[in-house]
Amino acid sequence: MGSLYSEYLNPNKVQEHYNYTKETLETQQTSSRQVASAFIVILCCAIVVENLLVLIAVARNSKFHSAMYLFLGNLAASDLLAGVAFVANTLLSGSVTLRLTPVQWFAREGSAFITLSASVFSLLAIAIERHVAIAKVKLYGSDKSCRMLLLIGASWLISLVLGGLPILGWNCLGHLEACSTVLPLYAKHYVLCVVTIFSIILLAIVALYVRIYCVVRSSHADVAGPQTLALLKTVTIVLGVFIVCWLPAFSILLLDYACPIRSCTILYKAHYFFAFATLNSLLNPVIYTWRSRDLRREVLRPLQCWRRGAGVQGRRRAGTPGHRLLPLRSSSSLERGMQMPTSPTFLEGNTGV
């Protein structure tokens, strides 16, 4: 074990593993690679900004200090950190990769695994909360906040353990034949374990939303009417985005486990699949926030204040008197469809998820 950890600071180990698992090393900073890296960084900055707005909205308004919004805040936090981790991963890729020590490489990849798995667990927690609120006709009360915090803490603890297993010793240092092609310092069995866990979570989320679909359609169709259709549309969007974003990444990792070394050239383009999976962190705030009128107004408030301030400055420069700005009003037909009765059978507050 001591000899294993002694290799963590060996500056030649990363290049050794990349030379063994890959036919060619694409480390040159070509113009196309620079454009792709710049696009990914911009995308991740958008992820950080929009999730930060959600966190600020949830934190500053006491009306959002409830179960559903607490889970939404946790999802936004994990997605925000996922964006930060992917920026670091992008900036430390290419020619920089071969200059990393194994411990630096583990930190780079592990941080992305931790934050992305935390996003998945947050989605699972939200699915559980929706199932409890709708299928079980039950709302969380203030006395349940401890249980919610324990659930959120457990999800982060599991994510830390899952993403930290390689740096703790479950890697292929000293065993090149067991290495992954996509992640050359990770053991193939570790990659299979992660994919299996994520797949089980995906199936659990699908099962929960199918259950919600059945309950709403069979029990509340006579009450909800158009609200039922809006809710089912929300469920469809959530499931569709999750599957579309994550299934390609899961598939490439399963292919990585099945393919012998240097036999599947598509594995050399796996970073595109992971970049596509990161879109889930970009779309989550749009899906979950846009369904709540109150949360949407709170998220847009900083932008509205900025616009108001810019208008005042412009009028001062022009020497014209100011006018009172009217608040934003939404005429979205989907929003009107999501305004459900106040019965706890549906959604608490005005969540609309």
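Cβ coordinates are placed from backbone N, Cα and C, and glycine is handled just like the others.
Per TrEMBL, transmembrane segment is recorded for 35-58 (among others).
Sequence annotations record features per position, and here TrEMBL assigns domain 'G-protein coupled receptors family 1 profile' to 50-288.
According to TrEMBL, the feature transmembrane segment maps to 70-92 (among others). Same-chain residues lying 6+ beyond the ends of the transmembrane segment (70-92) with a Cβ under 8 Å from its Cβ atoms: 37, 40-41, 44-48, 51-52, 54-55, 58-59, 64, 100, 104, 108-109, 111-112, 114-116, 118-119, 121-123, 125-126, 129, 145, 148, 152, 155, 159, 275, 278, 280-282, 284-285, 288-289, 295.
Positions annotated as transmembrane segment by TrEMBL: 112-128 (among others). Tertiary proximity for the transmembrane segment (112-128) is limited to same-chain residues at least six positions away from its ends with a CB under 8 Å from its CB atoms, namely 68, 71-72, 74-75, 78-79, 81-82, 84-86, 89, 151-152, 155-156, 158-160, 162-164, 194, 198, 201, 204-205, 208-209, 242, 246, 274, 277-278, 280-281, 284, 288, 353.
What TrEMBL records for 149-169 (among others) is transmembrane segment.
Marked as disulfide bond by TrEMBL: Cys172-Cys179 (among others). Note on Cys179 (disulfide bond): other Cβ atoms within 10 Å of its Cβ, all shown chains, come to 22.
Under the heading transmembrane segment, TrEMBL lists 189-210 (among others).
The feature transmembrane segment is assigned by TrEMBL to 230-250 (among others).
As annotated by TrEMBL, disulfide bond applies to Cys259-Cys264 (among others).
Summarising the annotation, TrEMBL assigns transmembrane segment to 270-290 (among others).
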Could you tell me the C-alpha distance between Cys179 (disulfide bond) and Cys259 (disulfide bond) in angstrom, no decimals? 11
Averaging the per-residue pLDDT over the domain 'G-protein coupled receptors family 1 profile' (50-288), what integer do you get? 82
Cβ neighbour count (within 10 Å, all chains shown) around Cys172 (disulfide bond): 22
Spatial neighbours of the transmembrane segment (270-290) not adjacent in sequence (6+ beyond its ends, CB under 8 Å) are 40, 43-44, 46-47, 50-51, 53-54, 72, 75-76, 78-79, 82-83, 86, 93, 112, 116, 119, 123, 126, 181-182, 234, 237-238, 241-242, 245-246, 248-249, 251-253, 256, 296, 299, 353
Residues outside the transmembrane segment (35-58) whose C-beta sits under 8 Å from one of its C-beta atoms, at least 6 past its ends, are 64-65, 69-70, 72-73, 76-77, 79-80, 82-84, 86-87, 90-91, 93-94, 275, 278-279, 281-282, 284-286, 289, 295, 298-299, 301-302
Alpha-carbon spacing, Cys264 (disulfide bond) to Cys172 (disulfide bond), which is rounded to whole Å: 20
Enter the number of other CB atoms within 10 angstroms of the CB of Cys259 (disulfide bond). 17
